[in-house]
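Record features (TrEMBL):
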type	residues	note
TRANSMEM	A:41-59	transmembrane segment
TRANSMEM	A:66-83	transmembrane segment
TRANSMEM	A:89-112	transmembrane segment
TRANSMEM	A:119-142	transmembrane segment
TRANSMEM	A:154-178	transmembrane segment
TRANSMEM	A:185-204	transmembrane segment
TRANSMEM	A:210-233	transmembrane segment
TRANSMEM	A:245-278	transmembrane segment
TRANSMEM	A:290-308	transmembrane segment
Amino acid sequence: MKAFLKYREIWLFAAIVVLIGLISTRFPAFADPGNLRQVFNDTSILMILALGQMVVILTRSIDLSMASNLCFTGMVVAMLNAAHPAIPIPLLIVIALLVGLVLGAINGLLVWRLNIPSIVVTLGTLTIYRGATFVLSGGAWVNADKMSPDFIGFQRAAFLGIPVLSWIAILVIALFFVLMTRTALGRSIYAIGVNPTASVYAGIDVGRTKFIVFCISGMIGGLSGYLWISRYVIASVEVANGYELNIIAACVIGGISIAGGIGSVGGAVLGALFLGIISNALPVINISPFWQMAISGSAIILAVVLNARGERQQGRIILRKVEAVT
Amino acid sequence: MTDIPAPRHIPDRLDKPFRAAIFSWEALLVVVAVAIFAINSFASPYFLDPYSLSDLTFNFTEKGLIAFAMALLIISGEIDLSVAAIIALASTMMGMAVQAGAGTPVLVLIGIVVGLGCGAFNGLLVTRLGLPSIVVTIGTMSLFRGIAFIILGDQAYKGYPESFAFFGQGYVWWVVSFELVLFLIAAVVYWFLLHRTSFGRRVFAIGNNPVAAQFSGVRVGRTKFMLFCLTGLMSGIASVLITSRLGSTRPSIAQGYELEVITMVVLGGVSILGGAGSIVGVVLAALIMGLVTFGLGLLNVPGIVMSIFIGLLLIIVIALPIVWRRLRGNS
């Protein structure tokens, strides 16, 4: 039991249950299975993005360009769909993945080949990709009436009573779970985060692995581009502006250490769900949506304070590191 | 794999000062700035006019003021992503004070004190609780701006007193604005602080090796706390300037400034990993960013396309010396 309680995911899960309980005292219908499914569906895109960000953060890097990547790729598929409605949706999704992959690979190459810190690279590409969206579209919007019914309807179609969007999220979660716990790449990602120097001696190609994680986060950004545009049925330069920080916030609340090496798929998913529940609950319990920003900010600070305590208690340090006492 | 750090090469003697100056980061920035200035004056006939050059300075003075403090903070190995949110919160508080009938001196005081308080809050979380600053300030960024949103919603504060408009709109002499004078004074003060005082030496020491600094008797936590306070203070001052220039407060004020300020600092040659940088570089970077945005603006290039140039500039200027060194190393 004690070992069980050590997992921070359990505590986060408990916090979410308590949160739902509190909300349902004000608005009982919130805890309905049907409504919870709806909340899950609403949070799907954030969960997918948080997983993509997680693999980057685990290697002590950061990808600030994910939301811009989403915006650019979304515009590409929306314009393709408007110009050629005959292109089948699965092919469009493949295109979205490829465009995202290219954008991610640019980040990855700069980090790998030139050794520029990832925060600098992605700070640059954050503005470049969003600017490129403007150049591509000429500032025009792609509205719902220009998108084909399939484009909009694909993710809304129900399969076994659950929308396709939720299924995609479940599939991505499963893939990441396998990647992180059952593959050599997953182990290398953790190893690099815990100790990059030791990873080199263990035969891990640190630079190449970082390149791969940026490719992964890029593909995730691209996939989310299609999902976002077809969900909110508008493609513009302003899409997901500033959303990169929500993604990082979901990771931090999910217990992923910004210093790398600590974090899990479950944590990222729960962190995203936590934010999703708050944004879904505020309107129904009659709190102004303007409160949401301050609440998620407080949640981030609280989460990082609690996580820091948890990390300090882990007594597996062999060589005692002298902490810079404040 | 080449990731194993090579033993550091120690030269027999240092580069001659002249040679070092020519190949320095600042020299590269001067070349870039002069080139952009020249291109601008050819591209638009309106560029070389004292009044448009004066307008140009408004593009970088407010962000530049924050960039000085941010440079010190990044040199010490920390970062503050909440500066734009501090501007929003301080501006909102000033707006509330105006509704209560406060005069100009009180408004300025409120802006500065709120900024300082927010900075101190960041500093306490980072130094007292030992939390990573990038995460803390992502949190406080949402918190500070969130409070502004709670207070204002979709409303705006207006009705600032006329004497308050001087800070963001006034001119000290001819085309020299108050903001520009403040920027230049701050540049000198921060240059002195970083390069000519023991405090500045301590900032570099902490950025290079916090543990060694600790053992050398540097109070690491206290110094970092002061740097966070300083960054908050400069954000408060910037908030006074922006609010005065716009004459109104919305909760979305200064959105996205944090990334522009950090771009400015990194472009100025401050190592994002800490331990290296100079104020001269930051001043030049501020000038370059102002020149690029203003010059493109004269050519009717939309703001979002300008951001491509800023982003490219950031990556190219950082990548250039690395590629150069590698090419020289191979030949």
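Glycine is no exception: its Cβ is also placed from the backbone N, Cα and C atoms.
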Hey, would you say the transmembrane segment (A:185-204) packs against the transmembrane segment (A:245-278), going by three or more CB pairs under 8 A that are 6+ residues apart?
yes
Would you say the transmembrane segment (A:154-178) and the transmembrane segment (A:119-142) are in contact under the rule of three or more C-beta pairs closer than 8 Å, pairs 6 or more apart in sequence?
no
Where among A:41-59, A:66-83, A:210-233, A:245-278, A:290-308 do we find the most Cβ pairs under 8 Å to the transmembrane segment (A:154-178)?
A:41-59
With Cβ distances under 8 Å as the criterion, find the stretch in A:41-59, A:66-83, A:210-233, A:245-278 that has the most pairs with the transmembrane segment (A:89-112).
A:210-233
Same chain only, please: residues at least 6 beyond the ends of the transmembrane segment (A:210-233) with a C-beta under 8 Å from a C-beta of the stretch. Say none if there are none.
44-45, 48-49, 51-53, 55-56, 58-59, 61, 63, 65-67, 69-78, 92-93, 96-105, 107-109, 111-112, 118, 142-144, 147, 151-152, 154-155, 165, 168, 172, 185, 189, 192, 239-240
Per Cβ pairs under 8 Å, the stretch of A:41-59, A:66-83, A:290-308 packing most closely against the transmembrane segment (A:245-278):
A:41-59
The transmembrane segment (A:41-59): which same-chain residues, six or more beyond its ends, come within Cβ distance under 8 Å?
66, 70, 118, 162-163, 165-166, 168-169, 172-173, 176, 179-180, 189-190, 192-193, 209-210, 213-214, 216-217, 219-221, 223-224, 227-228, 231, 243, 246-248, 250-251, 254, 256-258, 260-263, 265, 267-269, 271-273, 275-277, 279-280
